[in-house]
Amino acid sequence: MKRFEKIRSLRGEITVPPDKSVTHRGFLLSLMAEGVSYVSNPLLSRDTLSTLSAVEMLGGEVTKNADCFKIKSPGFRCFKEPSDIIDCGNSGTTARLITGVLAPQGKFFVLTGDDSLKKRPMDRVVDPLSWMGAKIYGREDNRLLPLAVTPARMFSADIKAAVKSAQVKSAVLLAASQIDGKSSYTETTPTRNHSEIMLRQFGCDLTVKNNIITVHGGGKLSPSKVRVPGDFSSSAFFLAAALMFENSEILIRNVGLNATRTGLLDVLKSFGVKFDVDLKNSEDGEPFGDISIKSQNVQGGKISGDIIANVIDEIPAIAALGLFADKPVEIRDAGELRVKESDRISALVCNLRSLGAEVQEFDDGLKISPLESVNMKAELKSFDDHRIAMVNILLSKRFGNLPIDDIACVDVSFPEFLQNIEKLEVTSC
Ligand code: S3P
């Protein structure tokens, strides 16, 4: 059990950790390209270390320098067939993207993960890859890890997204880039586009038009240099914190501002929140800059439809804001939250209700009414989910002394979360 003293305000500037999604892709593309690539400022968290260890098992030679990793690889035509299973740990991105990387290899691989990942659906990548000829087998009719990725001859194909998921799209694109011929992937709703940006950066012939991504695959990928910006999803906890703790003022430096990730800024605007964004650079397709925000009223409101895919990782922070808003915060069309590191809808409902809030639960979301008085007997549960744990830490510090069952899982994406919050704390009245 962990408890925190009540904090009044958060003030100052922070640099959030490097982007998790970009780091995974930087490591994987460096493995797929023949030669020496560099990933500078990578995120070193539990999830991205799962990808890095898979890269090493598959033949990537990794040299770790201070904040720049050198990865030498024979390229995707010459992967090593590992003598053991690849353990993806807690990381859905590792498991799903790697399945796409390995499916066309013509070799035998076994993937597994921790107890949480073994419950998360893998058929969403197995199905489209199988339509392209892959032969992948798993538990419960190929739905769950462990998966065996076995030798198969894959062919180019036109795939339509059945799930709004960047991980599924990326698995298909990473496979398609290795397969001779023209493949396409059609999205109904745009999802984060880091794979598209980075595949192009590594020399893949890839174009995007009206939600259709076209890849002419089979060509060699050339080594490149990836610079990882700050993770917008980690900054979400600080944006929410500035609105939860009175008299706060936070400057977030060098955070990624890719438009397929920053839907939270649109949500905050629709809730009447004002902030400043100072865009610094967008040359390599991954823009970044600074965001500053101060304490102010949050009106609240409803979010649903296409924006949900863009804010999927930020919903725990948005839901917590519902406690402090003028009117309810309602989140719909977000059924995907039920298959994240935990069932985030029921996790949020459980914690926010325990605090005394009126919360309605729907299959595809939740509606949180402003908190009238806090239940100081509340016990917050993290469900072994890093984003739920980070919200719990903010709530425990905001109300003071509320116990949290576990906070160790923040190391999945943000190992230094507590230290970063503590740097900004103002305790005096
Ligand atoms: C990710 C995509 C999202 C997100 C996850 C990271 C990625 O998952 O929730 O944290 O890096 O592609 P889905 O693709 O399942 O929505």
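We number each residue from 1, going along the chain as drawn.
Keep in mind that glycine also has a Cβ here, set from the backbone N, Cα and C atoms.
The domain 'Enolpyruvate transferase' feature in TrEMBL is assigned to 5-420.
In the structure as shown, the Cβ atom of Gly92 (phosphoenolpyruvate binding site) sits within 10 Å of 21 other Cβ atoms. According to TrEMBL, the feature phosphoenolpyruvate binding site maps to Lys20, Gly92, Arg120, Gln167, Arg344, Arg387.
For Ser21 (3-phosphoshikimate binding site), the same-chain residues lying six or more positions away in sequence with a CB closer than 8 A to its CB are Thr93, Ala166, Arg192, His194, Asp231. The 3-phosphoshikimate binding site annotation in TrEMBL covers Lys20, Ser21, Arg25, Ser165, Gln167, Asp313, Lys340.
In sequence order, Ser233, Ala236, Arg387 are the residues near Asp313 (3-phosphoshikimate binding site), counting only same-chain partners six or more apart with C-beta under 8 A. Here TrEMBL flags Asp313 as active site, proton acceptor.
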In the structure shown, which of the binding-site residues Lys20, Arg25, Arg120, Arg344, Arg387 has the fewest other Cβ atoms within 10 Å? Arg120
Around the Cβ of Ser165 (3-phosphoshikimate binding site), the count of other Cβ atoms that are within 10 Å: 23
Considering Cα atoms only, can you say which of Lys20, Arg120, Arg344 is the nearest neighbour of Ser165 (3-phosphoshikimate binding site) among these binding-site residues? Arg120
Determine, to the nearest whole angstrom, how far the Cα atom of Arg344 (phosphoenolpyruvate binding site) is from the Cα atom of Arg25 (3-phosphoshikimate binding site). 25
